[in-house]
């Protein structure tokens, strides 16, 4: 779960990012939200704005990227004014994040264009509260480094970057789409989830889906196909979603797989010089089954299988699972 805090203060009207800092930030965040939900399909994103020394929720935590993007697009008409309040923004986010289950990751991402923050109290006490609640806070600065932001990110285990230009802004922002790996001492608990069954347009009967109940157009959501909740039979157009009738989280298997590999990241392979291996024996890549002629061989630290550079990059960037480890069968249990 992540709250994005956006600076809507007067400093965001500066034209060093085109056309203004605010418009550029909102456009970047639209791309970020799409990328974030692609990497984390069962996560939730909320948006908080800060201006005139106050903080205001633009969007509650939601698992629908379309809803968040719609809020960001409507915020482009806002006129930047006043000063931001970092303390009020953090406390507003903490009101929700501190009550989330312990197995979830809690993050706050601050996009700050101002060099000052106007706060009603001791912000260092708020930073300590964020640390105790295990809320990871990261900051992307649009102007220059601010000491209180360094203190915030260092205390909570976050990342602080100051951008150079628009391309650098996008690169830094997209780094936050990948959640941090789970810690070894993190508590765990079971979550109820449902795997809905899908009906095509030729299989079902015309019915209205739950996700379009509030639509002004009566024809929206009226179709024969869709995803049906296995518990209450509620119909939805897309996944993942939380069932409005019974509260069950509805996902598909690929959604779980894409979220899982971020929590337990695959360890980097060990780089082994080709000269240190027997010269008379060809080294075959375990993945593509081709002979490795490069100067280095990449070896999994667990299964000790060797891979070429191309397969190493593919495994860590796309597959996120070592083929050698995945093909290892567990030893048979001894008969009792």
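Residue 1 is the first one shown; counting continues down the chain.
Just so it is clear, glycine is given a Cβ too, placed from its N, Cα and C backbone atoms.
Residues or ranges marked as domain 'VWFA' by TrEMBL: 1-142. If you average pLDDT over the domain 'VWFA' (1-142) in this model, you get 94.
Tertiary neighbourhood of the zinc finger (229-246): same-chain residues 41-42, 63-64, 194-197, 207-213, 221, 223, 252, 255, selected by CB-CB distance under 8 Å and a gap of 6+ residues from either end. According to TrEMBL, the zinc finger annotation covers 229-246.
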Item to check | the domain 'VWFA' (1-142) - residue tally per DSSP class, helix then strand then coil | outcome: 58 helix, 36 strand, 48 coil
